[in-house]
Structure formats: C-alpha cells, structure tokens
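Per TrEMBL, the feature active site, proton acceptor maps to His64. According to TrEMBL, the feature Ca(2+) 1 binding site maps to Asp65, Val68, Gly70, Asp72, Ser74, Glu86. Residues annotated as substrate binding site in TrEMBL: Pro162. Marked as heme b binding site by TrEMBL: His192. According to TrEMBL, the Ca(2+) 2 binding site annotation covers Thr193, Asp245, Thr248, Asp253. According to TrEMBL, the feature disulfide bond maps to Cys33-Cys114, Cys66-Cys71, Cys120-Cys321, Cys199-Cys231. Sequence annotations record features per position, and here TrEMBL assigns domain 'Plant heme peroxidase family profile' to 23-325. Residues or ranges marked as signal peptide in TrEMBL: 1-20. If you look up TrEMBL, you'll see Arg60 marked as site 'Transition state stabilizer'.
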Amino acid sequence: MAFPLRILLLLFLSIPFSESKSNLSFDYYKRSCPNFEKIVRETITTKQMSNPATAAGTLRLFFHDCMVEGCDASVFIASNSFNTAERDADVNLSLSGDGYEVVIKAKTTLELTCPKVVSCADILAVATRDLVTMVGGPYYKIRLGRKDGLVSKASRVEGNLPRSNMSMTHVINLFASKGFNVQEMVALTGGHTIGFSHCIEFSDRLFSYSKKQATDPELNSKFAAGLRNICANHTTDKTMSAFNDVFTPGKFDNMYFKNLPRGLGLLAYDHALVKDPRTKPFVELYATNQTVFFQDFSRAMQKLSIHGIKTAINGEVRNRCDQFNSIQT
C-alpha cells in the first residue's frame with residue numbers, strides 16, 4: 001500500500017499552485033494580524049497627504065508587479081552582484097519611489113505588530129486599493145493570503161508589460177496571454193486617469209511624428225503646444241513629464257476616457273484606444289457612464305490581484321520587501 005500512497009503524494013505535489021485561489025480569503029489576517037488593514041490605511045493616508053503622486057505611483061507599481069511573475073512583490077527585490085532584479089529592468093526604472101516607500105513603511109510597522117505574518121504582496125494589493133479609493137475611485141474587496149515570490153529577474157520583464165509604442169493588436173494579445181479580454185484591458189487602462197507619463201514616452205508624437213509633420217495632427221493643437229513647451233528639454237532631462245489627464249490629474253474618475261476623443265490622449269496607445277474598433281466601444285461607454293467604468297475597473301483589479309499568486313509551496317513571507325529571506329542574516 002505504501003507504493004501507491006507515495007505515487008498519490010507525488011501527484012498531489014505536482015499540481016500547480018501558482019494560480020490557486022483556495023488559500024486566499026477576505027479575512028485571512030483576522031486572527032494573525034487583526035489590525036493589518038488599519039495599519040495599511042493609516043500609512044497610505046499619511047503618505048498620500050504629504051505626496052499626492054503616491055496613489056498613481058502605487059497603482060502603476062502594482063500593475064508592473066502583477067504582470068511579471070504574478071502579484072508576488074517580485075518588483076521590490078533589490079539587485080545584487082549575482083542578480084539583476086525586476087526593478088532594474090529598463091521599463092521599471094521610471095517606477096515612482098512613492099509606491100515602494102509606502103509599502104515598505106507599512107511593512108516596517110506590521111513587523112513590529114505581527115512579525116513574519118503579512119506578505120509584501122498583500123500590502124501592495126491593499127495599499128493600491130485604498131489609495132485608489134482615497135482619490136475618488138471605487139472600493140473593491142481583495143482576497144488575502146498571497147505570498148511573496150522567490151524569483152525576481154530583469155530578463156523576465158520584457159514582453160510582459162505593454163509599451164507606449166506597441167500596436168493595439170500586440171497589446172490585446174499581451175493582455176490575452178494573461179487571461180484578460182479587451183474590455184478588462186480597457187478598464188484597467190482607465191488607471192491612466194491619475195498620474196503622469198515621462199516625455200520620452202510620447203515625445204515622438206510632438207517632435208518627430210513623420211517626415212512631413214513633426215507633431216501628430218490628431219493631438220489637440222493647444223494641448224500639443226503645451227506639451228512641446230513642457231517637454232522641450234526631454235532629451236537632456238529624463239524626468240520631464242506631463243499629466244495623463246490634463247483636467248483632473250489627481251482624481252480617479254472617467255475624465256481620461258472623455259479626453260480621448262478630444263485629442264487629449266497623451267500616449268500613442270491612449271489615442272489608439274479611441275480609434276481601434278475593438279476598443280472604441282468601451283472607451284465611449286466609460287466616457288458616458290462612470291458607474292459602469294468603476295464596476296468594470298473593480299472587477300478587473302480583483303482579477304489582476306490574484307494573477308500568478310504564490311502560496312506557501314512556492315513563496316514566502318519576506319522579512320524585508322527588498323530581500324529574499326534566504327539571503328538575510
């Protein structure tokens with residue numbers, strides 16, 4: 001009987017757990033760390049009040065983390081002489097320090113209250129939700145219990161995150177490979193309603209659109225003139241940036257979608273959303289109905305938050321968000 005039992009055990013252990021939701025629950029920390037969400041909420045409130053860019057920075061950080069290796073805080077790992085980590089991949093170098101800081105601050109407080117219990121991945125998921133809500137966006141419930149990943153490599157980033165110059169077909173296929181349909185993709189893109197983009201990401205629309213026209217003619221003319229002024233020194237100053245939503249940049253609303261038909265989309269991808277027949281209907285829907293946008297965004301974020309999650313079998317609760325436990329002394 002021992003032999004068949006051993007075979008059954010091996011088969012059981014071979015079942016992939018990375019996408020499993022069975023170990024997650026809404027009240028995961030009810031007993032082990034009852035003040036978890038209160039501590040995170042207090043931390044993000046203080047940070048957002050002192051630096052209003054925190055919400056957008058954390059939302060972008062969450063997206064970049066989840067799209068590569070899943071929602072496992074692998075983007076927090078610091079590089080060392082043996083490994084170049086995710087956060088040092090080219091596309092991640094522009095991630096805001098505010099997102100990192102608010103999660104690390106919450107983690108530090110939680111380690112004093114309930115040490116070695118709460119994962120950095122869970123902190124990031126809840127901090128993102130609370131910050132979105134704080135700046136006017138929807139509240140949505142998040143399942144908890146995800147573990148921190150054991151792998152973080154810059155070489156695995158490329159091809160897993162959309163780029164501003166990708167074709168719409170490329171971006172749709174990228175999201176599809178992660179299990180998201182077109183409507184979910186457009187809803188998640190609505191996160192562009194807060195925050196900013198660096199000039200380098202859209203400078204070609206302003207200064208080198210084509211041989212005949214330096215500026216993209218479909219950009220609103222006054223908007224383009226303002227952007228050319230803001231981004232005049234973008235080749236020497238890589239920090240130059242502009243708000244994604246020129247009207248309500250600090251408020252999570254549906255203004256981003258209202259702006260697109262007016263030629264006020266900052267990135268080439270933003271503008272393509274309102275031109276491509278596969279995405280245009282959703283842009284128009286969200287532009288006219290903020291309630292539907294909030295509902296779809298909430299569902300898409302809940303789905304994203306459990307993408308590629310790690311459990312105890314292939315993850316850990318890090319003592320520090322920027323280091324794997326195995327290399328700590």
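We number each residue from 1, going along the chain as drawn.
Note: Cβ is positioned from N, Cα and C throughout, glycine not excepted.
Heads up, TrEMBL stuff is auto-annotated, nobody curated it.
Structural mapping of features recorded in TrEMBL.
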| residue | record | Cβ within 10 Å |
| --- | --- | --- |
| His64 | active site, proton acceptor | 22 |
| Cys71 | disulfide bond | 28 |
| Ser74 | Ca(2+) 1 binding site | 29 |
| Glu86 | Ca(2+) 1 binding site | 27 |
| Pro162 | substrate binding site | 19 |
| Thr193 | Ca(2+) 2 binding site | 30 |
| Cys199 | disulfide bond | 24 |
| Asp245 | Ca(2+) 2 binding site | 24 |
| Asp253 | Ca(2+) 2 binding site | 19 |
| Cys321 | disulfide bond | 22 |
- Item | Listed recorded positions among Arg60, Val68, Gly70, Asp72, Pro162, Cys199 whose Cα sits within 10 Å of Cys120 (disulfide bond) | Asp72
- Find the shortest Cα-Cα separation between the residue listed as 'heme b binding site' and the recorded positions Glu86, Pro162, Cys199, Asp253, Cys321, and name the residue that gives it. Asp253
- Task: State the Cα to Cα distance, in Å, between Arg60 (site 'Transition state stabilizer') and Thr193 (Ca(2+) 2 binding site), rounded to an integer.
- Result: 12
- Spacing of the two Cα atoms, His64 (active site, proton acceptor) and Cys71 (disulfide bond), in whole angstrom, works out to 9
- Query: In the structure shown, which of the recorded positions Cys33, Val68, Cys114, Cys120 has the fewest Cβ neighbours within 10 Å?
  - Reply: Cys114
- So which binding-site residues are near Cys71 (disulfide bond), with CA atoms within 10 Å, out of Asp65, Pro162, Asp253? Asp65
- Note on the structure: For the domain 'Plant heme peroxidase family profile' (23-325), the averaged pLDDT of the predicted model is 96
- Task: Find the shortest Cα-Cα separation between Cys66 (disulfide bond) and the binding-site residues Asp72, Asp245, Thr248, and name the residue that gives it.
- Result: Asp72
- Closest by Cα to Asp245 (Ca(2+) 2 binding site), out of the recorded positions Cys33, Cys114, Pro162, Cys321, is Pro162
- Message: Please report the distance from the Cα of Cys199 (disulfide bond) to the Cα of Val68 (Ca(2+) 1 binding site), rounded to the nearest angstrom.
- Response: 24
